[in-house]
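Reading through the structure tokens given below for one structure.
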């Protein structure tokens, strides 16, 4: 467990506050998890962002009438901190009985508070339900590898030694799997996700990639670090000209987290999947 997470509200009984309380946000430094992967803020081999979607966003108009919407938050992958998810939920709940002059005022407040917690500017977008309905759900790009016939016996920790590639072939392709699962490092609750790998490099053996993804099944870590670990393991193996790894996790507590890591500039369409 990340030492800072021990002091967060995650896994503890919490009082739900319904009036605006920005102090509820609990930042967790990324540095310790980066260090586990041999990284530092100065040596990150990727660009990226963590997209959060909130489906339980509500506040009051000056008249006292409630509003509901969907919040979309984009936190830079190189920000000093992540925001602990339960504290994020509690903070958003604190808006429920708080009046804002208009949506722009709420967005400005969210931007200020979340940027302060993350340590870098956070992008905020508030979508109406009609806008979300119009966007619908998306299918992941590329080939789904989930129907490949594999044998698995170890689920306790990620196993990069399972990954194989053909050094004699260079390809450019997109593949994805819906079989990503890990566990929350604090509560041990399951985190269900789908993951996409897009790259140009030595041809990746798809069955070995699926075996590797399944090896995360009992692994305990935050969403962001799981994606960073996958990125680094594939980068070492494939020596790619370009590489993108991103995951879309099933929501918990009204929030879903979607980490995106890439050697390229961020080109990400934040549209939910069927399980989100």
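For all residues, glycine too, the Cβ spot is worked out from N, Cα and C.
In Swiss-Prot this protein carries:
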type	residues	note
BINDING	83, 84, 85, 223, 224	substrate binding site
BINDING	85, 86, 252, 253	NADPH binding site
ACT_SITE	184	active site, thioimide intermediate
ACT_SITE	191	active site, proton donor
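Taking the features listed in Swiss-Prot, we show where each one sits on the structure.
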| residue | record | DSSP class |
| --- | --- | --- |
| 83 | substrate binding site | strand |
| 184 | active site, thioimide intermediate | coil |
| 191 | active site, proton donor | strand |
| 223 | substrate binding site | helix |
| 252 | NADPH binding site | strand |
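Take 85, 86, 252, 253, the residues named in the record as contacts for NADPH: the widest Cα to Cα gap among them comes to 9 Å. It is 15 Å from the Cα atom of residue 86 (NADPH binding site) to that of residue 224 (substrate binding site). Reported as a whole number, the C-alpha separation between residue 224 (substrate binding site) and residue 252 (NADPH binding site) equals 15 Å.
Recorded residues residue 184 (active site, thioimide intermediate) and the residue listed as 'active site, proton donor' have their alpha carbons 7 Å apart, per Cα-Cα distance.
Shown in sequence order, 85, 189, 191 are the residues of the chain, 6+ apart in sequence, with a C-beta less than 8 angstroms from the C-beta of residue 252 (NADPH binding site). Of all the recorded positions listed here (83, 184), it is 184 whose C-beta has the fewest other C-beta atoms within 10 angstroms.
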